[in-house]
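A quick write-up on the structure given underneath.
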Amino acid sequence: MNNIDMNDKPREECGVFGIYSKEIKKDILKTLNYALYALQHRGQESSGITISNYKHLFTYKSMGLVSDLFSSNIPKDTEGNIAIGHVRYSTTGASKIENAQPLENLFRLGQISIAHNGNLTNAEELRYKLEEEGATFNATSDTEVIIKLIARKTVNNFIEGIKETINIIKGAFALVIVVDGKLIGIRDPHGIRPLCLGTNANGDYFLASESCALDAVGSEFIRDIEAGEMVIIDEEGVKSFKYIKEEVKHYPCAFEHIYFARPESNIDGINVYNVRFQTGVLLAKKNKVDADIVIGVQDSGTIAALGFATESKIPYSIGLVKNRYIGRTFIMPEQSSREETVKLKFNPLKHLIDGKRVILIDDSLVRGTTSKILIDIVRRAGAKEVHFRSASPVINSPCYYGVDISSKKELIGAKLSVEEIRKEINADTLEYLTIEDMLEALENHNYCIGCFTGKYPTEIPNKPSADKTC
């Protein structure tokens, strides 16, 4: 059998969630279940939870989806007042239970559990130093480096050790931690990975990678955790600290809005749906073409296609029907090709396409393999012309902050010109959203756009890790 990756898009590595209540909650498992389901798009390889009941921490992890975790051997009568949860993706070689999160440890001062979204750019250096000092590692994740550092830096209390640790680690990180009767949330100095805070009518507090998870548990959004901020939630409420002394610019990841996040989420005050719709509007303004229908590649290309259709006055059509029972990876017989698997995932509505000039819109064009197959599917359905539009700029550089683009060699935009890519994917025309228009859609805030420019908000290693894992 052959496990074929159905999606050649960049993949976010993780999503995190946390809850704090002054009272023991009998329904804490339900809350965690709903929240992690809402974040499932951020990680589908493993998931896990840690629950505190004032006295002890209990951690449960499973490979697979959130449904696999909650159908496992978690006692159904589990109660608690503090909990964290995690969903995870990994890259090659790291898909194993040892790397599933949260990671729990027992220190001299007590238990701690941590969940992490992001990627440390100095993880290898820190791991080597810790090993020289006698530390042993059971997994390959950056999160284990963080928890080992906290152990080294904790002398009198955990908060001091955590603060010292987060001033040592570099890169992208959004952390949720349960320790010493507290829920802690931390965002890296540039705010590359998202984290937000919410509350409900009972006075419970929540932390989440995206606001959609707050919606799922009936929480009201309060605010985004700021870049370089640490919040400590306990029986006295929410305390906030800026843990960095120098002023640094906020550079959230642009791809959160372009592709990763759910459309109903708001990140750093900007609604994801609105950004995607506006990318389509701007594509239509700059790239006029005579056509009969606009088709969006489901799901993340749909909203940009709606924006394009609205601005261009060219009718929007579903065009391609997505089989939602096929995940991002699909087990097929050895002889099966990527073309066969993509055809299983997308089926054309031939009567809508036949004889038409089609504008096909996707959120991005990364490796080019799936785009080429989709164009072929549309042509075989009878399209006279196929014009491909990418609702993001040319991706030509790797990511060092928790996305599985580890090298330029896998990126078609780093190897070929736009005209060469057009020929490779067999499109009649090909246009990308410009960087300037993308930033306009993002309301011109500072963003990390390193995968489009090769310029990054932090120092980067000489080479990206082949096994980047949060």
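Each Cβ is built from the backbone N, Cα and C atoms, and glycine gets one as well.
Positions annotated as domain 'Glutamine amidotransferase type-2' by TrEMBL: 14-236.
DSSP assigns CYS14 (active site, nucleophile) to a strand. If you look up TrEMBL, you'll see CYS14 marked as active site, nucleophile.
Here TrEMBL flags CYS253, CYS399, CYS448, CYS451 as [4Fe-4S] cluster binding site. Packing around CYS448 ([4Fe-4S] cluster binding site) is summarised by its Cβ count: 26 other Cβ atoms lie within 10 angstroms of its Cβ, all protein chains included.
ASP362 (Mg(2+) binding site) has a Cβ environment of 25 other Cβ atoms inside 10 Å. Look at TrEMBL and you will find SER300, ASP362, ASP363 tagged as Mg(2+) binding site.
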How long is the line from the C-alpha of CYS399 ([4Fe-4S] cluster binding site) to the C-alpha of ASP362 (Mg(2+) binding site), rounded to the nearest angstrom?
20
Determine, using Cα-Cα distances only, which of these recorded positions is closest to ASP363 (Mg(2+) binding site): CYS14, CYS253, CYS448.
CYS253
Least surrounded among the binding-site residues, given as ASP363, CYS399, CYS451, when other CB atoms within 10 Å are counted:
CYS399
Protein Cβ atoms within 10 Å of CYS253 ([4Fe-4S] cluster binding site), excluding its own:
29
According to DSSP, does CYS451 ([4Fe-4S] cluster binding site) sit in a helix, a strand, or coil?
helix
Site of maximum Cβ density within 10 Å, from recorded positions CYS14, SER300:
CYS14
Distance between ASP362 (Mg(2+) binding site) and CYS448 ([4Fe-4S] cluster binding site) at the Cα atoms, whole Å?
21
What's the CA to CA span in angstrom from CYS14 (active site, nucleophile) over to SER300 (Mg(2+) binding site)?
18
